[in-house]
């Protein structure tokens, strides 16, 4: 047993426990800011550690745990998302009545759950990591004490999340019953086609469909995203979705008979197509920025599912690259939503009118983030979609790429609608919106990375290629 393969997870666990201890020992009014900075520097240190884990590609604990380049890349996505959400949440947490320091500890523990999911090579390990992530989100979604919308969102997420976890666990238990093992690679060697396997695969797809907000398992996301604290919404929409795909890719490429008995690629293709269409079309009439971004995140899941359809290294490379840029752009958009919502007390798109006059930086970051999500060149989103769609086109399947292109053009409408409010209309209030140092750092980082990855994607694409090849 090689405990060194768990270095990043052990450090993350120690960081979360340390943050809780600091919060208990120091109850001063502004102590949460010090805790936030400690969390950021701790996560940055862990991120640096991951750079030295490339090339290991081995497992331990009787194959229950795997550390390969794929899992390392995914962990870096989660860590980047966690750092950005903590920086963007510092001012927001100022307005919370109680339990300020615990907020950051919960974000760290949610990140730990995602990291466990990425390295899980066993169904039980996978489920433990997923539940660690999910339970912390149950708390974070309902974190605004005395707020009816937040409490309602928390209850909805608890009930629906618990139901989806039960469905997923049923599917995993069927796999164990069919094969006698919970080690994912062994499933491929032992699985034979049967009706029970069909039920198992359907329930697993349903369970993870909830986690990634794929249609028709997406209905929870708009209400939960709207009611949850805005920084939590961003983290849930970006990092949690990436964690779901981290597992889906490993399960379906290593442990599922995608071409045996029935064509499960067809199921994935249908999910991808419907998810892209429903997510983009329903986003058009939304008047609340968080609900609009919720349906946008549904559509983004459809694009990522197109990459899964290719079942090869280029497709996985596209998923990894797009997941990273999606996290960065999405966190930038939600950081702006956090700052604006805190300043004006509203999340309505109409209230973004004249934002370019009140705070040009926030308007610029929101515009670039939304255009990147739409796939407009020369931003990173264009390159990411190019990788995803070209991977499936190389397989000779053209319709997902064509549908994805059409739906990307549809998304331009509702993304530009927000931009028009910000740049064309006059503000209802002339007072400038304050932007603190941590928030400014978050949005500038998001904007710069989104632009640079669009112009010069080579280095990240090369790392994503290496990570993808570790699965094959």
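Keep in mind that glycine also has a Cβ here, set from the backbone N, Cα and C atoms.
Now, the feature entries from Swiss-Prot:
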- 5-25: transmembrane segment (TRANSMEM)
- 36-56: transmembrane segment (TRANSMEM)
- 77-97: transmembrane segment (TRANSMEM)
- 103-123: transmembrane segment (TRANSMEM)
- 126-146: transmembrane segment (TRANSMEM)
- 158-178: transmembrane segment (TRANSMEM)
- 197-217: transmembrane segment (TRANSMEM)
- 229-249: transmembrane segment (TRANSMEM)
- 264-284: transmembrane segment (TRANSMEM)
- 292-309: transmembrane segment (TRANSMEM)
- 363-383: transmembrane segment (TRANSMEM)
- 396-416: transmembrane segment (TRANSMEM)
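Counting residues 6+ beyond its ends, the transmembrane segment (197-217) has Cβ neighbours under 8 Å at 130, 160-161, 164-165, 167-172, 174-175, 178, 191, 240-241, 243-245, 247-248, 251, 256-257, 261-262, 264, 267-268, 271, 274-275, 278-279, 294, 297-298, 301-302, 304-305 in the same chain. Recorded stretches compared: 5-25, 36-56, 229-249, 363-383; the one with the most Cβ pairs under 8 Å to the transmembrane segment (103-123) is 5-25. Within its own chain, the transmembrane segment (229-249) is flanked in space by residues 70-71, 74, 77-78, 81-82, 85, 88-89, 92, 107, 110-111, 113-114, 117-118, 120, 126, 130, 133, 137, 140-141, 143-144, 150, 208, 211-213, 221, 290, 293-294, 297, 300-301, 304, 308, 316, 319, 323, 326-327, 330-331, 333-335, 337-338, 341, 347, 471, which lie at least six positions past its ends and keep a Cβ under 8 Å from the stretch.
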